[in-house]
Structures are given as structure tokens and as C-alpha cells.
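Engineer: Here it is, the structure in full.
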Amino acid sequence: MRSGAGWPARVEKGIRKEALLAPGDGVVVAVSGGPDSVGLLHLLFGLSARYEWRLIVAHVNHGFRAEESEREAELVARHAARLGLALHTVRLDMPSVLAAGGENPQAAARERRYAFLLDVARRTGARRIATAHHADDQAETVLMRILRGTGLSGLAGIPLRRTISDGVELIRPLLRIYKSEIEAYCEAEGLEYCTDSSNLQAKYTRNQVRLELMPYLKRYNDKLPEALVRLAETAGSEDSFLEEQTRLLYEANIGRRDGAYVWSARWFAGVHIALQRRLIKLILSYLAADRNSMDFLHIESVRLAILSEEPVNFRREVVQDIMLAREYDRIAVHTMVLPPRAYVHELGEGLQSFTIPETGVRIELQRLEGEDPVAGEAATYTAIFDAEELFLPLIVRSRLPGDRMQPLGLNGTKKVKDMFIDAKVPPSLRERIPLITDARGNIIWVPGVRTSAMGAVTASTRSRLRLRLVMPN
């Protein structure tokens, strides 16, 4: 229910009730310069003295809208300075990134934005990242998912909180507040904000839903946003309950044998159909990072195969690189690709190409002289280093337990395993990706994932070494 000027008190109450922030917490506030994030920043600042919160302002300039983006960055800087808060900014050249890789613009920008926010949180020791998603965003999200087709988890919409890394949680304090309330607050408080012109263009699906579909549907129910928000609340609580029941069933009945998830077909047949589907989805999520492997049709095909009476023994690929096997009452689900045996090979000076005999993966090496990098260097399986800063010869080897690397742009080291997980590399692919190290054993490249800070190209680099990985067909 909308209640005008009283919403800041509702937000404070919600923060306490949901324990979104604890006294003394450090919180990175994502501020775009729009009314929602400006309102969030000033609301949290007004409460920060009482709760001893340490606020850090973070702003991302995606480079999509040139002068408009610059004005937003300047506005955010003024707000941070006026409040005496630390400001962290990053400028991304998203048009160039998209031109090189053909990624979805909104998804690519979101991925890099959250990576930056997480990096700021880690560098400042903040435990929370606060974004200004509001109730209208929630209503639009639920409606979009209904249009695509979704289950209970999808109807739950945007979560109030989500853990995005060890010790760092994303929170959305305004999720039950409507945009009109936030804008009224900004006007009443005299808070300057920018209007994103791209939000007024029916170019993206979300904008079409906001500008065209939602107004049309409100002719039939003028309280439609409120109804969709209530639906998300109801679906979210019920989804949470079913997830907990699924977890309990999993822990009590699903075993691990030689890398496979195993259970009894007879037991599975007695489980409620809703929990059958959730168990399959959970297991597939452990084996496949590709979200398309977990849609309803894939999950249902696996469920029906498990429940089929004939044949009692079979082995089939149910999702790409994932096998389902049945031996009488025993069900097993596992990845199809077996990990190769361990290997270590030296990439000698002057070598231009090397094929790893154990996997068929080819490494191409090329020296580049001059100041300008060549086209294509931003490709996923290509990396460029300062040749004079590397300890040669380079080594290509298989992954080992506990491997760590210092990724470019981050302080400290990170487990290669965690990097694979963060990049959503399917488990079946992880063992096929080699690691490149320098002569001292320092990992400098995890192809398709990250490069190391060691040997990074700078303005003074004179000689580059380009590495390219080619996967076998």
C-alpha cells in the first residue's frame, strides 16, 4: 500500500525487521544519478549516524549516452561531496565491448556493474551493497516472467537480499516502495537528480512493458502493480518453504558416488511431483552452469525418464554433457566428459603453436611489436601480455587442487575454482581448460575466465605476447 511521505520510516522499519543492515555495517550504495538511487543515498545517510553505518558511494559510467552519462557522473560526485562520503567510480566503454563480443547490452552492462560494485565492497571492507530497485521494478519483473512463462521461483521476482560472494550481500531496501513515492521525496527534499533518456525509449522489453503493456493492463485493474508485488511476496515465501523442503530431501536421500549424484528410483517415485522437479533442478544446477539446461522441458524430460518403468537399465544424455543412468533401482546423474590425466608442457621460445596431446586443445602464440594492440584481443579465449614483464618460458598445465591466481584489477589472490564458479563455466568444461603459468609457476591466464595482474599491458609496453586458445571440435 502506498502511503506518501511516510515511506522513509517504512524503509527503516523494514531494514530492522529483515536485518538488511546491522549497526556499524559498511555499505556500498550504487548511485546512478536517477531519483531512485539519489533518494536511497540520502535516506541511508539520514539514518547512518543513528546506526553508525559507513556509506561508500559507487557510480558506473557505462559510456552508452556520452554527454548524459557525464552529467550523471558529475551529479553523483556532487552528492557524495556534499555528504562527505567516499566516492568510487569506473568508466566503461560498453559500446566497444558490445561491438567486439556481440553480447546482450543490458546483460553485459549488468554483469560488469555488479563486478565493479563487488570489487568496491571488497576493497573497502563493506559487507553490503545497496541498490535502488523499487516496487515498480518488482511488478515489471513479475509481469515479464509471466509473459515468458515461469514457475513459483520466477513469480517471486527480485529478492530482497542475495549473497553474491563470501561475506558480501546485495540488499534492496526500497523494494516495497513505489517510484512515485521516491520521486515525491526527492522533490520535497530538494534533491537534484537526472532522468535517463533511454528509459523513455521502447527499445528494450522492460521499457515496452513499463511504457506500453502496464498502462494498458491498468485499464482492467488500476492497482495492478500492487497486485503483482503481493503476488511476488506470496510466491517468494512459498518458494522459500519448498526450497527448504527440497534441501532436506536432498541431504537425506541423494548420495555422491565417483562424481555422480545417486538415489533410489523407488524412493523418488513416492516424492511429491513439485519436489521431484525441484530436486532435479537442484542437481542439474550443480552440474551445468547453462541456465537453459534447467528450463521446464529439460527438467520434465529427466523426471519422466526416471519414472519410466521400461527399460530398467539405460544410459542417455539428457542435457548437453550430462548423463542420466539407471541400473534397476539406482539412478545416477553425472557429467559426460571425464577429466583428462594431469599434464605439464613447456611453451619454448619461438614456438608459435602447441597442441596439448592429452586434450587436443591448441595454444597459439604471437609476438606483437609497436604501440597498438591488434583487433580481436578482447575475445574470450585470447589474452595479451607485456612480453618483457613475463618470466619465460611459459608453461601450460592442467588444473591442480588449491590453484590460485592474482586476477587483474583485484587485490590479493583468488582460487581458480571460485573463478570458474563466478564465471559460470560448466563443470564438464573446467577440466578441459588449461592454465598458463610463467617460468616461476605463477598462473597468468585462465582462458575464458581471467588474466593475471602479472605481465599486464601498460602505456609503456613495447613488446606484446598474444596467446590464443582453440578448443577442439
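Backbone N, Cα and C atoms are what each Cβ position is placed from, and that goes for glycine too.
No curator has checked TrEMBL annotations; they are predicted automatically.
It should be emphasised that the depicted structure is a prediction, and the values quoted were computed from it without experimental measurement.
Not my notes, these are from TrEMBL:
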- Ser32, Gly33, Gly34, Pro35, Asp36, Ser37: ATP binding site (BINDING)
- 394-467: domain 'Lysidine-tRNA(Ile) synthetase C-terminal' (DOMAIN)
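Describe the structural surroundings of these features, if you would.
Structural biologist: Summarising the environment of Ser32 (ATP binding site), the number of other Cβ atoms within 10 Å of its Cβ, over all protein chains shown, is 24.
With helix defined as DSSP H, G or I and strand as E or B, the domain 'Lysidine-tRNA(Ile) synthetase C-terminal' (394-467) counts 11 helix, 24 strand, 39 coil.
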Engineer: Note down the number of other Cβ atoms within 10 Å of the Cβ of Asp36 (ATP binding site), including every protein chain shown.
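Structural biologist: Result for Asp36 (ATP binding site): 23 other Cβ atoms within 10 Å.
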Engineer: Tell me, if you would, which residue among Gly33, Gly34, Pro35 (binding-site residues) has the fewest other CB atoms within 10 Å in the structure shown?
Structural biologist: Gly34
Engineer: What mean pLDDT score does the domain 'Lysidine-tRNA(Ile) synthetase C-terminal' (394-467) have in the model?
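Structural biologist: Value for the domain 'Lysidine-tRNA(Ile) synthetase C-terminal' (394-467), mean pLDDT as a whole number: 87.
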Engineer: Does DSSP give Gly33 (ATP binding site) helix, strand or coil?
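Structural biologist: DSSP call for Gly33 (ATP binding site): coil, neither helix nor strand.
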